[in-house]
């Protein structure tokens with residue numbers, strides 16, 4: 001009878017195969033992505049050396065191309081690093097628009113793991129995770145008020161340049177190398193998970209489809225740079241959203257409406273928003289989601305180069321804040337739709353769990369299986385869904401390729417090895433890096449499946465890198481007396497402790513000492529052929545009391561541990577080794593929320609550490625800091641006040 005059940009499962013998969021229309025939908029997504037690269041690479045680009053047009057120097061882009069006054073009274077136009085072509089490739093000449101950048105931020109953050117993993121999380125563990133929407137909104141506030149003004153004021157090409165200005169080149173090098181390693185581990189994950197889903201619903205070779213997607217992504221990123229990345233992301237996120245929403249709407253109507261889904265979820269114990277259990281060992285609690293979620297989202301979105309590079313592609317702080325506001329709202333809506341999809345999955349399978357009867361083998365296959373079973377007969381809908389999943393993969397991959405190539409140029413080649421390449425060499429180096437990184441992602445597809453634990457380990461390492469790096473940046477921006485030794489000792493301590501917790505819990509889980517406590521499922525409603533030789537028994541979980549306590553912590557606490565360890569150790573070591581003299585610090589390196597606590601003398605150093613503001617115009621405050629620097633100067637004029645001298649408008653110092 002087991003063979004009969006296997007035959008039934010195979011027949012179900014054969015029944016819901018991709019049609020010609022579905023393949024056309026998926027192919028159109030790939031072709032349109034490649035077309036974006038061709039468009040921005042050949043037809044929509046600034047010509048190196050061309051003069052500014054009136055449109056490009058309009059008030060909207062004033063801060064990106066403003067003139068500055070030097071001591072001699074002459075004027076010169078501020079230029080960005082390398083050549084204008086390189087600046088356009090990596091930063092879009094800092095003239096991109098807020099909405100497409102916001103959509104790119106959404107698309108870059110959402111991968112196939114998000115679309116497939118979030119519904120499975122709700123299905124297996126309930127709705128407590130849905131409260132992550134609150135930390136997402138709080139993250140937006142924190143990024144706009146604490147971190148973004150500093151980056152926008154300094155006009156950096158890489159976020160890690162800040163660490164050299166604030167601490168030393170060694171701190172910058174450690175953080176940038178950690179970022180590159182983290183992204184190298186993350187690259188194959190981006191493609192592997194959606195390729196696995198595509199393989200499940202079509203039977204198409206996993207490695208072939210993964211290679212095709214990698215080649216398309218390399219192509220348009222290589223040709224069009226960040227403009228192609230941003231605008232491709234913008235329409236890909238629309239495809240993502242539409243694909244999930246269409247599936248959810250059709251599924252909700254088919255099941256009988258939201259009331260049926262809610263009632264079944266309540267009956268199955270899936271509705272739980274206020275689990276106030278103080279235990280840090282439980283996977284999902286109110287405190288873990290809110291506190292851990294805030295640290296996690298802030299760490300990834302405040303200082304990570306993949307995000308900061310797109311913030312810097314906008315002309316000024318106002319546009320950047322607007323973009324982040326749209327990003328946070330968009331992410332909140334998208335995550336909510338994915339969470340609702342998890343309840344929809346439970347409403348569909350509340351009496352016949354697909355995993356128990358062997359129709360799916362991993363949690364990430366739940367949503368694709370539902371799509372093929374519920375709307376598979378509607379030609380084009382499965383293709384739209386898979387196009388959305390791969391759109392998420394393409395957008396994440398392109399962002400990683402573009403931002404990592406920028407870090408390799410700015411922080412590794414220029415910062416670590418102190419090589420100052422010509423514009424041509426920089427161009428070749430960056431584009432070559434995109435190709436090499438893309439091919440590395442493609443190559444890892446052939447080995448990642450054979451390394452069973454690499455997915456979880458890579459995810460853990462990402463959390464370690466994000467928490468540690470965010471802790472160092474936060475130490476620099478919010479603890480003005482911190483010094484280089486504090487940053488180094490704090491960073492090492494944070495990485496070691498969070499790594500100990502994260503990797504230890506992964507190994508304990510792999511050994512079967514820790515098993516996630518999933519909510520109960522049922523197979524009472526399955527047809528007879530599916531449940532033959534399947535015995536439904538209550539799961540027996542191992543006794544975890546003997547496991548080292550840190551290994552039992554919920555994954556939500558890994559990032560907070562990393563950030564707080566860096567801050568505590570960094571602050572203490574800075575005090576013990578001689579705190580920074582605040583009278584001589586450049587306030588531009590400190591977050592505006594701390595400016596009120598700085599001594600008046602420090603504002604005389606404004607801009608001295610910045611290669612853009614300090615070297616070119618030490619007497620001018622950057623616009624992004626001006627509203628926060630209202631402390632009176634020695635002349636009695638508030639710092640940052642606009643004054644007229646010899647017919648020229650400057651700001652007091």
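Backbone N, Cα and C atoms are what each Cβ position is placed from, and that goes for glycine too.
Computed from a predicted structure; not experimentally measured.
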Which range, 48-70, 71-93, 324-346, does TrEMBL list as transmembrane segment? 324-346
Cβ under 8 Å, sequence separation of at least 6 from the ends of the transmembrane segment (235-255): give me the contacting residues as numbers and ranges. 29, 32-33, 103-104, 106-107, 110, 115, 261, 330, 334, 337-338, 340-341, 344, 347-348, 370-371, 374-375, 378, 381, 384-385, 387-389, 391-392, 394-395
Same-chain residue ranges lying at least 6 outside the transmembrane segment (129-154) that approach it to Cβ under 8 Å: 118, 121-122, 161-162, 165, 273, 284, 286, 289-290, 293-294, 296-298, 301-303, 308, 311-312, 316-317, 320-321, 324-325, 327-328, 331-332, 335-336, 339, 473-474, 477-478, 588-593, 610, 612-613, 622-625, 628
The transmembrane segment (98-117) vs the transmembrane segment (381-403): three or more C-beta pairs under 8 Å (separation of 6 or more)? yes
Before we move on, state whether the transmembrane segment (204-223) and the transmembrane segment (381-403) share at least 3 Cβ pairs under 8 Å, counting only pairs 6 or more apart in sequence. yes
